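Copied over from Swiss-Prot:
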type	residues	note
ACT_SITE	His54	active site
ACT_SITE	His100	active site, proton acceptor
BINDING	Tyr57, Lys96, Asp500, Gly537	ATP binding site
BINDING	Glu98, Asn538	Mg(2+) 1 binding site
BINDING	Ser99, His100, Asn101, His102, Arg121, Gln245, Glu317, Ser318, Gln319, Ser540	substrate binding site
BINDING	Asp122, Asp273	Mg(2+) 2 binding site
Amino acid sequence: MSLMLEPNPTQIKEERIYAEMGLTDEEFAMVEKILGRLPNYTETGLFSVMWSEHCSYKNSKPVLRKFPTTGERVLQGPGEGAGIVDIGDNQAVVFKMESHNHPSAIEPYQGAATGVGGIIRDVFSMGARPVALLNSLRFGELQSPRVKYLFEEVVAGIAGYGNCIGIPTVGGEVQFDPCYEGNPLVNAMCVGLINHEDIKKGQAHGAGNTVMYVGASTGRDGIHGATFASEELSESSEAKRPAVQVGDPFMEKLLIEACLELIQSDALVGIQDMGAAGLTSSSAEMASKAGMGIEMYLDDVPQRETGMTPYEMMLSESQERMLIVVKKGREQEIVDLFEKYGLAAVTMGKVTEDKMLRLFHKGEMVAEVPADALAEEAPIYHKPSQEAAYFAEFQQMKMETPKVENYKETLFALLQQPTIASKEWVYDQYDYQVRTSTVVTPGSDAAVVRVRGTEKGLAMTTDCNSRYIYLDPEVGGKIAVAEAARNIVCSGGEPLAITDCLNFGNPEKPEIFWQIEKSVDGMSEACRTLQTPVIGGNVSMYNERSGEAVYPTPTVGMVGLVHDLKHVTTQEFKQAGDLVYVIGETKAEFGGSELQKMLHGKIFGQSPSIDLDVELKRQKQILAAIQAGLVQSAHDVAEGGLAVAISESAIGANGLGATVKLDGEATAALFAESQSRFVITVKRENKEAFEKAVEAIQVGEVTNTNEVTIHNEENEVLLTANVDEMRKAWKGAIPCLLK
């Protein structure tokens with residue numbers, strides 16, 4: 001739309017054009033009051049995008065305040081591009097997770113690829129070198145052709161971007177449930193390393209300093225992407241393909257190197273990624289955080305399309321762009337630095353003292369808005385909350401143990417459930433060894449990456465069982481954090497902190513808002529007990545298709561510190577003769593389990609219970625035993641229960657099996673999904689020391705028979721399974737479904 005054709009302020013009000021941009025009548029009245037006049041078209045666009053849920057968190061802020069965000073090691077909590085945690089020796093780890101759900105639903109390859117690109121920029125804008133990527137993905141059932149297409153394209157998009165840019169994709173999770181059929185979830189996480197003195201903030205300090213635009217040129221892609229992410233998907237969403245950005249990983253690779261060199265220069269004052277809401281959010285947020293204003297001359301914006309209006313330039317979400325503030329008089333150094341990498345760096349404005357964001361185009365002022373009004377003063381809504389109707393019904397159900405006729409057949413069927421089955425088809429497309437720092441590759445409880453120049457490593461994982469959270473949001477929220485910590489501990493790491501990606505339906509529905517509140521309550525309590533503060537994250541609402549919401553999916557991304565790489569532990573059995581231990585008590589808990597879903601085609605009842613104090617005690621004991629060199633392998637018991645966990649530890653080894661005896665009712669002993677449980681193997685000579693250090697029950701030993709045999713307490717054989725056959729079933733399940 002050319003400037004001549006844009007509606008005037010009176011038309012915007014009378015024809016309610018602001019509503020098409022996502023502003024309510026009340027919000028538009030607030031804008032009018034803030035400005036003391038009617039806004040023009042560009043100004044209306046600025047407010048609509050900055051006040052969207054995606055940028056302002058206006059529906060979720062009251063809930064997010066419940067998270068613990070400080071801790072001894074926390075150097076930067078929520079509010080910047082990414083959070084930062086101290087790991088000793090003047091080094092810190094920088095990490096964040098974000099969603100790209102709506103774009104991936106309609107343009108899966110580019111949606112996923114640009115999700116990866118955006119999260120990488122958040123990390124290097126802090127001054128950190130990105131060292132690893134992870135992802136957490138949710139899709140419908142693979143029997144559907146549309147789901148197959150989305151799954152294949154999302155994985156290809158993540159691989160295409162990550163592999164080209166040269167950052168290893170080392171871990172993640174993929175789950176399949178019918179509720180994600182029309183609305184897949186694509187959450188990407190990036191982890192970086194930094195020295196303390198290199199930490200940079202997205203702040204525009206120093207009146208008179210120069211505002212520069214660096215990186216790729218601006219096109220019309222992604223306009224109103226943030227607003228698009230703040231509404232439900234519908235049939236008309238397909239028409240919004242232009243709102244999906246297009247990524248160029250090679251450009252981003254150059255941008256990383258140029259920015260990391262720039263960060264070493266004392267000419268740099270502040271730096272921020274142009275992410276959601278592009279130039280608008282980066283300029284308004286940098287000015288607001290510093291208590292300053294910014295003037296920008298939009299004729300100087302590098303444009304790759306002709307005739308772009310101020311509105312289009314400010315709202316474009318073209319990829320691979322950064323906004324920087326540099327000391328006045330040092331601009332040429334910056335231009336030269338970026339030129340060396342073949343990238344543009346242009347002066348397009350200056351920092352001012354009056355806290356206003358002013359935009360000029362073709363010699364005229366086209367917008368004048370208080371920076372704080374855009375970045376900080378979006379309305380905050382305390383949405384009504386109402387317990388979901390199904391919850392009381394599920395809580396009152398008398399839970400029966402599912403009827404299982406044949407334990408071996410059931411185990412094989414569980415190993416072939418896509419959520420449990422091997423994800424090798426996925427991660428074999430990712431380069432997880434590039435940079436040669438990956439110590440534990442995908443497929444174990446957590447990935448581990450070496451901290452170069454030290455004996456240390458970083459363990460990292462993404463976790464969330466959304467079925468449990470649907471059944472009981474508060475308990476499920478606790479379990480999500482606890483399971484992430486369990487995976488870190490099983491890998492030899494001390495849990496440090498989390499980033500989260502809160503994926504929910506429409507928050508304007510009281511039952512959905514109740515899910516949000518309760519799951520955040522549960523997560524917050526777990527974070528406090530396990531001492532893993534929340535250092536940043538992302539909220540993705542309106543994940544619905546035709547009014548049906550996805551399961552509440554607050555994904556947890558956790559990073560832990562492996563103090564010495566010789567403590568690194570993996571899940572597979574190591575040698576015949578080692579003793580097998582189970583830690584934790586098994587109860588007949590099947591609500592939300594893989595067995596329940598497989599046998600009944602749906603989930604119902606109560607989620608498994610969790611005692612966070614018991615969880616913490618077990619994790620501390622196990623980590624101490626690992627650090628004392630007493631543990632051969634460690635694996636948390638998750639989907640599918642003990643039978644699956646023991647089988648996975650055998651499948652990962654070569655030529656090894658196990659003979660195990662489990663007490664209690666057979667179906668529960670094998671397949672229940674009780675929490676805070678671990679399968680651990682120990683060398684025979686360490687038996688006494690291990691049993692002194694950890695409250696554990698020896699249930700059997702590792703054999704060289706290549707079979708897993710499980711007995712009941714009467715010593716009757718419940719099942720015997722050949723490990724090669726299990727491996728074939730487990731590895732073949734997803735490729736078979738995709739054929």
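The backbone N, Cα and C atoms fix where each Cβ goes, and this holds for glycine too.
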Additional residues around ATP, ordered along the sequence, whose Cβ is within 8 Å of the centroid of Tyr57, Lys96, Asp500, Gly537:
Leu64, Pro78, Met97, Glu98, Thr499, Cys501, Leu502, Val534, Gly536, Asn538, Val539
What is the number of other Cβ atoms found within 10 Å of the Cβ of Lys96 (ATP binding site)?
29
Sequence-distant neighbours of Asp122 (Mg(2+) 2 binding site) in its chain (C-beta under 8 A, six or more apart):
Gly81, Ala82, Lys96, Glu98, Cys190, Asp273, Gly275
Gln319 (substrate binding site): which of the recorded positions His54, Tyr57, His100, Gly537, Asn538 is the nearest Cα neighbour?
His100
Across the record's ATP-binding residues Tyr57, Lys96, Asp500, Gly537, the largest CA-CA distance in angstrom?
17
For the residue listed as 'active site, proton acceptor', just count the other CB atoms lying within 10 A of its CB, please.
32
Which of Glu98, Asp273, Glu317, Asp500, the listed binding-site residues, has fewest other Cβ atoms within 10 Å:
Glu98
Spatially, which candidate from the recorded positions Tyr57, His100, Asp500, Gly537, Asn538 is nearest to Glu317 (substrate binding site), comparing Cα atoms?
His100
Cβ neighbour count (within 10 Å, all chains shown) around Asn538 (Mg(2+) 1 binding site):
23
If we check Cα distances from Asn101 (substrate binding site), which of the recorded positions His54, Tyr57, Gly537 wins as closest?
His54
Spatial separation of Tyr57 (ATP binding site) from Ser99 (substrate binding site) - C-alpha basis, Å:
14
Is any of the recorded positions His100, Arg121, Gly537 within 10 Å of His54 (active site) (Cα-Cα), and if so, which, in sequence order?
none
